[in-house]
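Peer 1: One structure is given below, represented as structure tokens, and several questions about it will come after.
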Amino acid sequence: MVSSMRSLFSDHGKYVESFRRFLNHSTEHQCMQEFMDKKLPGIIARIGDTKSEIKILSIGGGAGEIDLQILSKVQAQYPGVCINNEVVEPSAEQIAKYKGPVAKTSNLENVKFAWHKETSSEYQSRILEKKELQKWDFIHMIQMLYYVKDIPATLKFFHSLLGTNAKMLIIVVSGSSGWDKLWKKYGSRFPQNDLCQYVTSDDLTQMLDNLGLKYECYDLFSTMDISDCFIDGNENGDLLWDFLTETCNFNATAPPDLKAELGKDLQEPEFSAKKEGKVLFNNTLSFIVIEA
């Protein structure tokens, strides 16, 4: 029975659609916006000191919504200073979406963009082959370390690219989130794939400690409304199930006992809160800021 369950990553279109539903039904981007508004200005306060150009490296920049927020904060901190913003993103579709708003945003005259259609490991290999380790003032990795095979090596490499006063920002799900409980209890019962691994801020901070890197970690509460998951035949619910379990067509292919057990657990307090008739999954995010 389990063999009929396929990884969501085996169907790119389905993955993109379920991810969109997740964004529409969660406070993920609002949570990130809050961090950018309240915390980021202090974090980037010195990254451009005495520099004629600020170099920013976005790893897994996606469609650029959060990248543009980051750029606006850097511009506000360093008005008129040239910014070199390079983006490493493996999806051509996401790069195309990123370029659209950039072309329409009027205040980006001092920002130079470059996009590289590659994974972080492909970028790492290319840079190491060139033997030109360019230093960066700000590197950010937003919700992408799940897709990296060797996370400690990736952290070590990109940390080595930080220049004077530079910072690296990583955003991942928190160890206090429902994701942590979900993956620990059910991860082995979901389809296995080599494209994604279960990692939370607890895992990352342990890796950073092992590497001897200096960092600060901030948690911000976020939720995902999964109420539709409990309505039979609801398309939104089906796609949110797929996203939660990283399974293609979970509702149609999962064994009944797994569906029943998971459906019950997801309504328990350690996974979700119930508010005004809604079931709100704990999507708390961690923002980890690493020093050069």
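Using N, Cα and C of the backbone, Cβ positions are placed for all residues, glycine too.
When I checked Swiss-Prot for this same protein, it listed these features:
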type	residues	note
BINDING	E28, N283	substrate binding site
BINDING	G60, E89, Q94, S120, I142	S-adenosyl-L-methionine binding site
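Describe the structural context of each listed feature in the structure shown, including burial, neighbouring residues and relevant distances.
Peer 2: Listed in sequence order, F22, S222, M224, N283, L285 are the same-chain residues at least 6 apart in sequence whose CB falls under 8 Å from the CB of E28 (substrate binding site). Under the DSSP three-state reduction, E28 (substrate binding site) is assigned to helix.
Around G60 (S-adenosyl-L-methionine binding site), the C-beta neighbours below 8 angstroms that are at least 6 residues distant in the chain are V88, E89, P90, S120, M141, I142, Q143, M144, Y147.
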Peer 1: An 8 Å radius from the center of the G60, E89, Q94, S120, I142 Cβ atoms defines the neighbourhood of the S-adenosyl-L-methionine site; name the other residues of that chain inside it, in order.
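Peer 2: So the extra residues in range turn out to be S58, I59, G61, G62, V87, V88, P90, S91, M141, M144.
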